[in-house]
Amino acid sequence: MSRGDMAKPLLGHRSMEGDPSITPAAGRTIGVLGSGDFARSLAIRLVCSGFKVVVGSRNPKRKAGLFPSAAEVTFQAEAVKKTDVIFVAVFREHYSTLCDLADVLAGKILVDVSNNTEINHHKESNAEYLASLFPACTVVKGFNVVSAWTLQSGARDGNKQVLICSNNQEAKRTVAEIAQVMGFTPVDMGCMSSAREIENIPLRLLPAWKIPIFLALGLFLCFFTYNLIRQVIHPYIREQKNKLYKIPIEVVNTTLPCVAYVMLSLVYLPGVLAACLQLYHGTKYRRFPDWLDQWLQHRKQIGLLSFFCAALHAVYSLCLPMRRSHRYQLIETAVKQAVEKKMTVWVEEEVWRMEIYLSVGIIALGLLSLLAITSLPSVANSLNWREFSFIQSTLGFIALVISTLHTLTYGWSRAFDENQYKFYLPPTYTLTLLVPCTVILAKVIFSLPCVQQRLLRIRRGWEKGRYVKFVLPSATGEYSSGESSSNV
């Protein structure tokens, strides 16, 4: 990417959101100590943002070609003398090599951009360690959550937030000003004690997805094992038929919709449990249990994993006729029909069942796609709260109902066929109906006027055992006021 292209999203100076005291800083000289990938990307971004950049290196002649021509590459001591704000882009183990510059660095602002290789690898954060080595300097932690790629491609292609912390407010304001001019959004994380947490952020691997992923994998293994017993092990033991070829496609395709269906119901089950607790305690001010609170916070991830499994199920289903085993089965069926001199094998009931099954499944997948799209931040930010709630709550519940119809049409009357109970185990789809039907039944109960009105009063501040004024919409849509207590 050319320097001109990199500078496009940064044309002009942006005012700092929420802090009008911050003024543009383009044109000032910024120092960079280090010559690694991050140091080079940082220098390029600073130059494109209108700053004068001086890079300090132990081998300036050899490293000069790695940096933009507008940046001055010189020895570390010379670079430090020319600026008051210096980005320390070296690893923690190399901090000691800068000790010879302690006198020159005195009074300077040092921006520590380093990260560790492991979470809580050291007892103190890198920024605190740097501050202990240079007590005469002001250390600011920042830019460690921004990758070198984001610096080169511009803030529009990466996370725009830059987390900053320091014990000196003026130093934080100066670094925040620089970050804002570079096109990022500085976020004040407080004093230097927050540096440890900031340094752990880039090392966490999908922290909000850990529980949902383990939940999805657990459900997949359970349903996969159950289907393996029914579709592969049972024919081998009872009929001595080798059905191992079903494992890669057919068994997996039978498992995926089970996981997607149950995961979708788990998105709405915590809301049902929360409503039950509010009705039981008669107040909304009592804290939910920690497990329920965590469950409520992971609903988005659970829903997206449900959509992922449903999408895979659709792809696997489209690939079923492409299997060699399926072609052999078609030929075998045709030969048997010819030998038995059957003119047709058309079964009207099965035809209708499959037509309805596929049609309802397509609608359910379409609604899940809509839910997944609106969960994206860029889309969600364009919706107001009522629109977002309607799509995620109302349409989401409709998707759950349609998925239930999809499952029921798949089972049809086979739930009453004793041949379907292999090893006396019920068909898999009957097990998946337990949680979703519980959620649907609870939603129906909550929609009853007597329950709905009580829950609405609780969520508007009414508490059992206390007289509280409330306002409720009447049947005509008008609002009426009154007093309520636990005896009402």
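Each Cβ is built from the backbone N, Cα and C atoms, and glycine gets one as well.
Listed features, source TrEMBL:
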type	residues	note
DOMAIN	29-116	domain 'Pyrroline-5-carboxylate reductase catalytic N-terminal'
TRANSMEM	211-229	transmembrane segment
DOMAIN	258-401	domain 'Ferric oxidoreductase'
TRANSMEM	259-281	transmembrane segment
TRANSMEM	302-323	transmembrane segment
TRANSMEM	356-376	transmembrane segment
TRANSMEM	388-409	transmembrane segment
TRANSMEM	429-451	transmembrane segment
Residues of the domain 'Pyrroline-5-carboxylate reductase catalytic N-terminal' (29-116) by DSSP state, where helix covers H, G and I: 39 helix, 23 strand, 26 coil
Leading contact stretch, 211-229, 302-323, 356-376, 429-451 vs the transmembrane segment (388-409) - CB distance under 8 Å: 356-376
Secondary structure tally of the domain 'Ferric oxidoreductase' (258-401) (DSSP, helix then strand then coil): 120 helix, 0 strand, 24 coil
